[in-house]
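Positions annotated as N-linked glycosylation site by Swiss-Prot: Asn28, Asn148, Asn280, Asn329, Asn645. Feature annotation from Swiss-Prot assigns signal peptide to 1-26; the stated evidence is sequence analysis. The topological domain 'Extracellular' annotation in Swiss-Prot covers 27-30, 124-156, 200-501, 576-589, 637-650, 731-738, and the record cites sequence analysis as its basis. Look at Swiss-Prot and you will find 52-102, 523-554, 611-615, 672-709 tagged as topological domain 'Cytoplasmic'. According to Swiss-Prot, the transmembrane segment annotation covers 31-51, 103-123, 157-177, 179-199, 502-522, 555-575, 590-610, 616-636, 651-671, 710-730, 739-759, on the basis of sequence analysis.
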Amino acid sequence: MHKPLRWLITIAFYVSNVILIGYSLSSNGSISEFYLHSVVLIECFSLLGVVTSDCLTPSLSYISSNIFHISDRVSGMTLLALGNALPDITSTYQSMKSGVTSLAIGELFGGIFFLLTVVIGLMGCVATIQFQHDKSIETYTEESFDQNLSYDRSNYILDVGIFTFMLLVSGTFLADGRLYFWECIVMVLTYCCCAVYLIKSYKYPCEINDALEREVEIKKTVLANNHITVPNRFTLTTTSDITSTDDGIRYVRPLGDTQIDEDNAISLDPTRLPSKSLDNISRFNQGIPERRDLIRRRIRGYLRSHYHGWVRMTLQDLLNIWEKQNLFNNTVKSLSLPSDDTHLFTKASLDEEGRPLIRKRMNSLQPKDFYKYLSLRNGENSNALDTAISAPQNEYQTYYNEPTSLFLTVPQKKTSKKSLSCDRIPNLVRSNNIILNDEATRTQESTNALNSISDVIDNSLLQYERDDIILDRTLSLCSTKSRTAWHSFQLYNYLTDVSLEIGFFEFLSLLVTTPVSIILYLSIPSEISQTDHDLPLSYLQNIQLIASPIILNQLITNNFSFWLLILSLVIAILLYFKTRTIPNKFNSDIIFTVAFLLSLACLSKAVHIIVVTLTHWINVFNISETILGLTIFTWGNSIGDLVSNITFVKIGVLEIAIGACFGSPLLYFLFGVGFDGIMIMLGDKTGKIVSGRDSNILMHHIDFKVDKNLINTGVGILIAFLIFTVLIPLNDWKIDKKISIALLTLYIVVTCISVFLEVHQV
């Protein structure tokens, strides 16, 4: 999509919505009211997803690991999982408190049904999921990627078994249309027992080093079993290697038999060396799948180190992956020999005779690094490598002073913070074992300091001076331009950077979430770096901390008091003295604690608006509570899980996606209904919601209507359960397109039946 068209669509989208919203506010028609409420619901659901993944979960992660010192494995299955499920739990509480318990129960049933059918069904459409023994984490070759993913069969059986137990417990308790106090206690205790068991049986790597080491070990096994040689090698040439013959034809010696200098670069005429040029380009083309595979493995390692348990992917990581989606396609573009027709070289990259001028690359292959790329095919190279490593720095810097020509090296560019280093690409002229061992070391050292998927990719790709130099859009869609520092304005990056290319759905998501992201960026304090903490507070962070009492009060009570101004003044004075005495100490603790409180308040406010809007629809349009919970409420709360899990599957991090589909229902239903029911029954002093107050507290109960829509969805969940327990084993223990079609068809049929029953009021 061209830049003017992007700007035109963006401006038209926002201007038209502003006009329609203004018209809806000034008119009283049902259509305008429906449109206005629809916009409010969409933005509130977007707010729930963004604030949960980008604000609440990171703050909970920091608090659990840095303040309470809880391990990632425990926090991932408890605090972080609860934080991720907080929108659903809050929705259930607000619905029960508003007297529309059927809306809450319908949303929970609909959410479970949506995850088990639509989400898993679409996951099976993206890739065939095979349940095999001891295949919990797998790495994939270019040929098989996006086609077959493996998941440990024992983990699948465990997930289905726990889900079955949850289904029996919840179905038994809710079948009579009453939720007793003692049933709520049993639900919460059941969830706690299941969480403890899952924590003890958790087998996936939680540390970045563990994840990357496992990826490398599996890759080594695949290479050894299939006798695959790493194709990502070049035969680099130098001027000292070029010898003349009587015929005037020059020949080239391999890099491993010569000395190297990258201080100067000269041009080679590819027409004079057609066989060598063709061989070099052929080697590069063969190396493209290997480099893509390395990047995907590093992204999977990043995700496994940052997402533990049932946690959604952040909006920023989703946007970064969408921008680099070309990395996950099997179609690999290849290079051809340069010619006048292909325009592979620009005029600036040609010498006086029109031959390609290959220039050195800065900030990547330094003189000392060339020793790492010497071929170890003979003893001379090994001795040279040992001698070079032991030589002083100044000796080998002086040693390389002769002009050098590197046929397929990278054009020179200015040093910048966004320069992408080739050091993260598999080494060019080494054997498989050396490549993999060094790759593991370098990958662990570099990835530990990375803040985002964009950093992972940027540190794994070649960076070129111009977009039309040799490899433009061959490896990825990574932009060569600098990005804005504010993640909230990623839409601006897409509008101004032509090299970025995302799909229509992703573009629409940017348009919808950008206003919400900007509001959250300005309201909730955050740290840009995930690795460097206790940095000096910025002006924006100081303002956010000072204004936090006022924002919290407005989100919770909507009542303004002058005492809030005094409290903000006190906070400003304390921050001033803190800056004078201990400027950086406890900064991260303060930021993440305030961010956690503000995130909770934002969630509560957004859920309240959603419940009020849906309750208004129930009264105006005469729609049952259950059908709204099964459809609108479910779709709004589950769209984040759908996008996140599909993205996990596309990358190959299957264990998080499967765990979220089977673990989230356990969390939403058992803990959500149980905990919310306990809180409602203990807090209802008037008896408007809770019945049976004359008897023992254990017999206090909340009544709700079990209508035909709820029964219909329950039957759909049972059929989905039969698909997972019967059809999948009969289908050779895999979820392919046949199973996916069955699941998606089941959801469509059940939803259509519910809508039919609602319309005809059977």
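We number each residue from 1, going along the chain as drawn.
Yeah, the Cβs are placed from backbone N, Cα and C, and that goes for glycine too.
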| Positions whose Cβ lies under 8 angstroms from the topological domain 'Extracellular' (27-30), at least six residues beyond its ends | 620
| query | At the level of the C-alpha atoms, what whole-angstrom distance separates Asn28 (N-linked glycosylation site) and Asn645 (N-linked glycosylation site)? | reply | 41
| field | Same-chain residues near the transmembrane segment (616-636), Cβ under 8 Å, at least 6 residues beyond its ends | value | 30, 37, 41-42, 44-45, 48, 91, 95, 100-111, 113-114, 610, 705, 707, 709-710, 713, 751, 754-755, 758
| note | Per the Cβ under 8 Å criterion, with at least 6 residues separating them from its ends, the topological domain 'Extracellular' (576-589) contacts 62, 66-67, 527, 533-537
| field | Cβ contacts under 8 Å made by the topological domain 'Cytoplasmic' (523-554) with residues that lie 6+ beyond its boundaries | value | 51, 54-55, 58, 62, 66, 306, 448-452, 485, 487, 560-561, 564-565, 567-568, 571-572, 575, 579, 583-588, 590-592, 594-595, 597-599, 601-602
| said: Same chain only, please: residues at least 6 beyond the ends of the transmembrane segment (590-610) with a C-beta under 8 Å from a C-beta of the stretch. Say none if there are none. | reply: 40-41, 44-45, 47-48, 51-52, 55-56, 58-60, 62-63, 67, 86-87, 90-91, 94, 520, 523-527, 537, 541, 544-545, 548, 551-552, 555-556, 633, 636
| said: Under 8 angstroms for C-beta pairs, at least 3 of them, ignoring pairs fewer than 6 apart in sequence. Is the transmembrane segment (502-522) in contact with the transmembrane segment (739-759) by that rule? | reply: no
| request: Averaged across the topological domain 'Cytoplasmic' (672-709), what pLDDT does the model get? Just tell me the whole number, please. | output: 80
| field | Tertiary contacts of the topological domain 'Extracellular' (731-738) (same chain, 6+ residues out, Cβ under 8 Å) | value | 120, 123-125, 128-132, 153
| task | Tally Cβ pairs under 8 Å between the transmembrane segment (739-759) and each listed stretch (31-51, 103-123, 555-575, 710-730), then give the stretch with the top tally. | result | 103-123
| Stretch with greatest number of CB pairs under 8 Å, the transmembrane segment (157-177) reference, 31-51, 103-123, 555-575, 710-730 candidates | 710-730
